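What Swiss-Prot says about this one:
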ACT_SITE  Cys100  active site, nucleophile
ACT_SITE  Cys197  active site, cysteine persulfide intermediate
BINDING   Gly9, Ile10, Ser11, Gly12, Gly13, Val14, Asp15, Ser16, Met35, Gly124  ATP binding site
DISULFID  Cys100-Cys197  disulfide bond
SITE      His125  site 'Interaction with tRNA'
SITE      Gln342  site 'Interaction with tRNA'
Amino acid sequence: MENKKVIVGISGGVDSSVSALLLKQQGYDVTGVFMKNWEEDDTDEFCSAEQDIADAQAVCDSIGIPFKKINFAAEYWDNVFEHFLIEYKAGRTPNPDILCNKEIKFKAFLSYVHLLGGDYIATGHYAQTRLAADGSVQLVKGLDDNKDQTYFLYTLGQEQLRQTIFPIGNIEKSKVREIAKENNLVTFDKKDSTGICFIGERKFKEFLSKYLPAQKGEIHDENGIKIGMHDGLMYYTIGQRQGLGIGGVKDRPEVPWFAAKKDLENNVLIAVQGHDHPLLFKQSLQAIELSWVAGMAPADKFRCAAKVRYRQKDQSCEVEVNQDGSVNVTFDQPQRAITPGQSVVFYIDDVCLGGGVII
């Protein structure tokens, strides 16, 4: 630890603030770096970046560590945002936070850390690393089950994990805020950020329409009968209830409608009635673009648990690895609203094995 240099990604939130503080207390040579990943227009308030930068600076000053800023907006646009738009255009629902970790925080930022002569990178993620018996590094769930973020980190490999520290991975969120308050960090009561970093709290539809032309179309029920109009397939995700604008359909009970399927060829959204309608459930899925934390799948066929969305309870399943590296996943119980473009992430107990993108 003596003089080991750690570069912490400081976002201006409480988690990264406390991460930096703990590392300093543990005797590391710590530098805080704020990553700016998005260029706002003057009229936009997407990310409250100015406030975040000010908070990040204040935290570093308070802890007594150097503060730097780095702009990754070009890398973010090329490697995260353009992919995000392509996916939406294709009718899928991508997860840019996963891609941001892969391309920016643990790639572009890691390269920058090497330039600064850093030994380790640290972030405020709720995750842990553990050395396995065979010498490999495991990605392990954060202690606070409600906050565990391994779902967003499954693309990390051995080389990245060996150079990464997650200082708050073994602490409960409430304790993190307590530590921040005790140490007079300005971020102690700052609200957790929600949503995608470049959209922030703003209305998603309004944001997306700036970049992709929407093509309106019909909404059909499962029998092909027109029951309404949609504003553009990209605005809807499987299982969605809000914003469908279907109501008072003749000869139908007043039961909520849910988006069940996208017919891209005909630009039709298929909707069904009832939260538990059979068309919203599937027992299997296929995933591509697999990342395995250990560098390879545990076996050609294995049982484990999986999540098809963040914060979902682990679901028992069987995974079969195909010749082309894709996987077929069969769940013990049917799963609601499996969404193409989102990720399926695999676990054995508290160890994250990796994951892939649902097709």
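Backbone N, Cα and C define each Cβ position, glycine as well.
Features as recorded by Swiss-Prot, highlighted on the structure.
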{"residue": "Gly9", "record": "ATP binding site", "DSSP (3 states)": "strand"}
{"residue": "Asp15", "record": "ATP binding site", "DSSP (3 states)": "helix"}
{"residue": "Met35", "record": "ATP binding site", "DSSP (3 states)": "strand"}
{"residue": "Cys100", "record": "active site, nucleophile", "DSSP (3 states)": "helix"}
{"residue": "His125", "record": "site 'Interaction with tRNA'", "DSSP (3 states)": "coil"}
{"residue": "Gln342", "record": "site 'Interaction with tRNA'", "DSSP (3 states)": "strand"}
Closest of the recorded positions to His125 (site 'Interaction with tRNA'), Cα to Cα, picking from Gly9, Ser11, Asp15, Cys100?
Asp15
Maximal Cα-Cα distance (Å) across residues annotated as binding ATP, namely Gly9, Ile10, Ser11, Gly12, Gly13, Val14, Asp15, Ser16, Met35, Gly124:
16
Which number gives the other C-beta atoms within 10 angstroms of the C-beta of Met35 (ATP binding site), all protein chains shown included?
24
Determine the minimum-neighbour residue: among Gly9, Gly13, listed as binding-site residues, which Cβ has the fewest other Cβ atoms within 10 angstroms?
Gly13
For the C-alpha pair, I'd like the distance in angstrom between the residue listed as 'active site, nucleophile' and Met35 (ATP binding site), rounded off.
11
Neighbour count, 10 Å Cβ-Cβ cut-off, for Asp15 (ATP binding site): what number do you get?
25
Restricting to the same chain and to sequence separations of six or more, state which residues have a Cβ under 8 Å from that of Gln342 (site 'Interaction with tRNA').
Thr93, Pro94, Asn95, Val308, Arg309, Val357, Ile358
